[in-house]
């Protein structure tokens with residue numbers, strides 16, 4: 001076979017493969033390979049066609065933009081094609097682009113020459129959103145048509161759908177817009193919107209999306225615009241097409257005009273001069289990439305002057321005056337070599353993918369999380385599969401999907417082990433207990449657990465590591481490797497054993513000398529008087545994070561009260577739902593856990609909690625009789641019916657004693673509701689449960705007949721604060737504790753409800769948003785003055 005024949009065969013193969021991927025990406029919205037893999041195949045085809053120009057044909061993917069309109073939508077012919085952009089993957093690619101631009105403008109730039117000399121070129125810079133390109137056509141200021149990019153020449157008519165996107169103006173604002181204006185931009189979904197959409201899908205048993213781009217594309221191409229309207233889509237303009245009238249003479253000027261007409265543009269739009277400034281912008285956006293509210297995969301640079309754009313013109317499928325500088329790929333293909341099972345501190349047996357090493361976002365990845373066996377089943381994963389791996393920021397690499405067309409014939413199914421790979425104890429699937437409408441039911445959970453508890457060294461090590469961590473007991477110097485030594489040598493079999501360690505035992509550990517031994521023993525001693533919140537967090541209760549631990553401590557005031565709180569009582573606390581309430585209750589009801597806590601609180605060797613003592617004032621008499629009845633989940637007794645029963649009988653005892661005739665006399669209480677209540681109360685277990693809950697509400701002072709307490713107002717009560725940037729006098733965690741002690745809620749994001757933002761050096765998008773919203777902003781000195789004002793030490 002000659003070189004030309006081999007090239008022709010490979011070219012045909014690449015064209016077929018690229019066309020298949022284009023169809024899956026643009027028409028089915030089910031991409032089967034990462035963008036980086038597609039780009040590699042595309043560049044290989046480009047190179048082969050450049051070497052063998054006689055093999056170039058008009059139908060090659062390199063000669064047109066990808067995709068075919070779906071037949072269910074009407075077709076729209078783009079009078080000016082919607083072309084894709086050339087890509088830069090390395091810094092040299094960007095420098096080459098700038099050189100070509102300056103060469104093309106040699107006659108127009110001061111001091112220009114054919115070698116690309118002369119003045120630097122102005123470029124517009126903006127993030128490259130990862131969404132779906134669309135065209136919006138305005139006539140006399142009215143939105144008359146929306147269309148997808150399609151194949152660049154022909155798209156789909158999605159007018160009814162784009163009209164549902166809340167930030168797309170149906171009528172342009174202001175004045176001065178052209179009679180006919182085609183706006184081009186990206187429809188996308190923010191990270192928060194994507195997470196909320198998937199969470200809702202999980203709740204309703206619907207289909208979840210793999211990423212925001214797929215979610216945006218799938219939402220925009222719904223035949224029923226009501227579905228599109230229910231999705232959190234957004235639009236951002238980046239350019240224009242057909243125009244009848246005049247526009248500003250620069251790219252940035254046009255986008256700023258769009259903003260004035262109510263058309264959203266990127267807040268990150270910048271004007272720079274020269275290739276180095278472009279590179280600086282690229283680096284800056286790259287550093288802040290994970291802090292942005294939306295997914296991006298690079299930045300776009302465009303020659304700013306429209307006259308220069310026209311001078312430079314176009315190539316077959318892309319403009320010569322623009323380029324997309326891509327970030328290192330966050331998705332790659334690799335092979336699943338095997339699956340190992342790890343055991344965590346709660347006994348959860350978690351599958352971990354062992355992968356053929358591959359570079360993802362500049363890091364070699366050989367392992368990836370699989371979360372649980374339900375996720376393995378959802379992916380349809382088998383050993384030997386080719387899989388898509390994603391890595392974003394500091395997030396643990398994930399297996400996103402299987403490339404089914406590359407599955408080998410000998411691919412093996414993945415099975416959970418029957419026995420713990422560490423201790424050999426049985427592995428059991430968790431059972432979820434649910435109470436609803438007076439009934440208790442069991443269902444299978446997603447987690448498999450080793451039943452060995454602290455006799456399992458994997459669980460013991462992870463439990464100790466969590467117990468001593470900075471946000472828990474904060475035992476300085478007791479790192480993971482030291483914990484492993486303590487457990488492996490049999491010196492620690494429970495968190496309580498830390499407090500009985502002797503000098504000789506610690507001194508004999510690898511890496512310890514006299515000073516380090518004394519320091520560790522001193523750190524352990526210093527941890528004997530933790531706050532109640534730290535101790536609760538240190539216990540490692542499932543689903544109880546640092547914030548929930550603080551809430552429990554602040555609300556109920558003592559470990560004894562928290563330990564015996566019934567799930568129904570716990571749900572009176574804000575942000576504690578039924579599932580978390582049952583996790584807390586079940587943890588303290590467990591005999592093994594009670595023994596561990598008793599050992600930790602041993603009078604001679606254990607910890608002495610700094611307890612607040614009382615139930616917080618805001619929870620005194622917080623329960624109402626109507627709310628209590630509603631929480632019993634009696635079939636057909638909703639909030640309105642509960643209020644009627646409370647009003648009629650005035651007490652739980654009165655409701656329990658009510659006969660059928662009494663219930664039928666409750667005004668507007670439906671017969672089926674009365675019958676349901678009577679059936680519920682005829683079950684002795686239900687009555688006993690209700691009386692037990694009421695008794696505990698009385699004991700805790702939360703009962704509707706309890707005395708209300710005066711709430712002493714904290715100075716920042718009801719205010720939401722946000723911390724951003726670096727603080728020097730204290731860590732952000734410490735600053736957060738100080739503000740919470742003054743009554744503030746410290747949030748992770750800025751919104752119109754934010755009262756104040758504390759911004760240290762390096763503050764980025766949060767500070768920018770605060771300034772945009774006109775919020776109060778303090779620097780670190782301002783924060784310290786505030787703490788001094790209220791007598792808070794720092």
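Every residue gets a Cβ built from N, Cα and C, even glycine.
Among the features that Swiss-Prot reports, active site, N6-AMP-lysine intermediate is placed at 128. As annotated by Swiss-Prot, NAD(+) binding site applies to 35, 36, 37, 38, 39, 84, 85, 126, 149, 186, 302, 326. Summarising the annotation, Swiss-Prot assigns Zn(2+) binding site to 420, 423, 450, 456 and lists sequence analysis as the type of evidence. What Swiss-Prot lists as domain 'BRCT' is 711-794, and the listing cites sequence analysis.
Within 10 Å of the Cβ of residue 456 (Zn(2+) binding site) there are 21 other Cβ atoms, across all protein chains. Residue 302 (NAD(+) binding site) falls within a strand when secondary structure is assigned with DSSP. Of all the Cβ atoms in the protein chains shown, 18 others lie within 10 Å of the Cβ of residue 37 (NAD(+) binding site). Counting in whole angstrom, residue 456 (Zn(2+) binding site) lies 43 from residue 37 (NAD(+) binding site) by their C-alpha atoms.
Looking only at other Cβ atoms within 10 Å, the busiest spot among the binding-site residues 35, 39 turns out to be 35. Computed over the domain 'BRCT' (711-794), the whole-number mean pLDDT of the model equals 84. With a 10 A radius on its CB, residue 450 (Zn(2+) binding site) counts 27 other CB atoms from all the protein chains. Rounded to a whole value, the Cα-Cα separation of residue 128 (active site, N6-AMP-lysine intermediate) and residue 423 (Zn(2+) binding site) is 50 Å. DSSP assigns residue 450 (Zn(2+) binding site) to a strand in the three-state reduction. Around residue 302 (NAD(+) binding site), taking its Cβ as the centre, 24 other Cβ atoms fall within 10 Å, counting all chains.
Each of 343, 347, 419, 421, 422, 424, 425, 427, 451, 452, 455, 457, 458, 459 belongs to the same chain as 420, 423, 450, 456, is absent from that list, and has a C-beta within 8 angstroms of the C-beta centroid marking the Zn(2+) site. Taking the recorded positions 128, 149 in turn and counting surrounding C-beta atoms within 10 angstroms, the largest count is reached at 149. Taken residue by residue with DSSP, residue 420 (Zn(2+) binding site) is part of neither helix nor strand, so it is coil.
Sequence-distant neighbours of residue 423 (Zn(2+) binding site): residues of the same chain at least 6 apart with a C-beta under 8 Å from its C-beta are 450, 452, 455, 456, 457, 458. Neighbours of residue 85 (NAD(+) binding site), defined as other CB atoms within 10 A of its CB across all chains, total 17.
In this view, residue 420 (Zn(2+) binding site) is surrounded by 23 other Cβ atoms within 10 Å of its Cβ, with every protein chain counted.
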